[in-house]
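As annotated by Swiss-Prot, active site, proton donor/acceptor applies to K119, with the evidence given as a curator's inference. As annotated by Swiss-Prot, substrate binding site applies to E41, Y73, L92, E93, with the evidence given as similarity to another entry.
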Amino acid sequence: MHSSLETTAPATLERRESNLGDKLILKGLKFYGFHGAIAEERTLGQMFLVDIDAWVSLKKAGESDNLEDTISYVDIFSLAKEIVEGSPRNLLETVAELIASKTLEKFHQINAVRVKLSKPNVALIKSTIDYLGVDIFRQRNTSSKN
């Protein structure tokens with residue numbers, strides 16, 4: 001049986017990401033939110049883990065040693081915190097998409113963003129797991145002129 005789906009090997013994804021250049025990395029962000037498809041998740045809440053990679057040229061900041069020439073990690077952290085701790089959503093996909101789209105919208109210097117969003121405690125699974133989550137990559141549309 002043949003599938004019409006194409007897959008990309010992890011090594012190919014890593015090469016594609018490395019072609020994007022420099023990146024800011026925020027790893028292991030922890031927030032408490034009320035997202036989930038079942039009522040208990042939306043009323044009791046739970047911990048969410050977030051990793052964000054933001055591709056942006058760091059050359060000018062590296063040469064100038066001036067915060068004005070880069071994007072503050074605190075600003076990206078604050079945006080993610082506001083979304084995860086904000087209005088409840090049914091799906092992790094929606095929360096990750098909001099983080100990615102708002103990051104690209106707010107920080108015009110960022111060319112692409114990768115958001116990994118996970119929850120280590122899943123109410124529907126009565127077994128030990130590290131986490132369940134989503135990993136999305138969004139790239140700025142370079143064909144449109146603003």
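Just so it is clear, glycine is given a Cβ too, placed from its N, Cα and C backbone atoms.
A distance of 11 Å separates the Cα atom of E41 (substrate binding site) from that of the residue listed as 'active site, proton donor/acceptor'. Checked against the residue listed as 'active site, proton donor/acceptor' by C-alpha proximity, the binding-site residues Y73, L92, E93 yield L92 as the nearest. Comparing the binding-site residues E41, E93 on other C-beta atoms within 10 angstroms of each C-beta gives the minimum for E93. For Y73 (substrate binding site), the count of additional Cβ atoms within 10 Å of its Cβ stands at 13 [all protein chains shown]. With a 10 A radius on its CB, L92 (substrate binding site) counts 20 other CB atoms from all the protein chains. For K119 (active site, proton donor/acceptor), the count of additional Cβ atoms within 10 Å of its Cβ stands at 21 [all protein chains shown].
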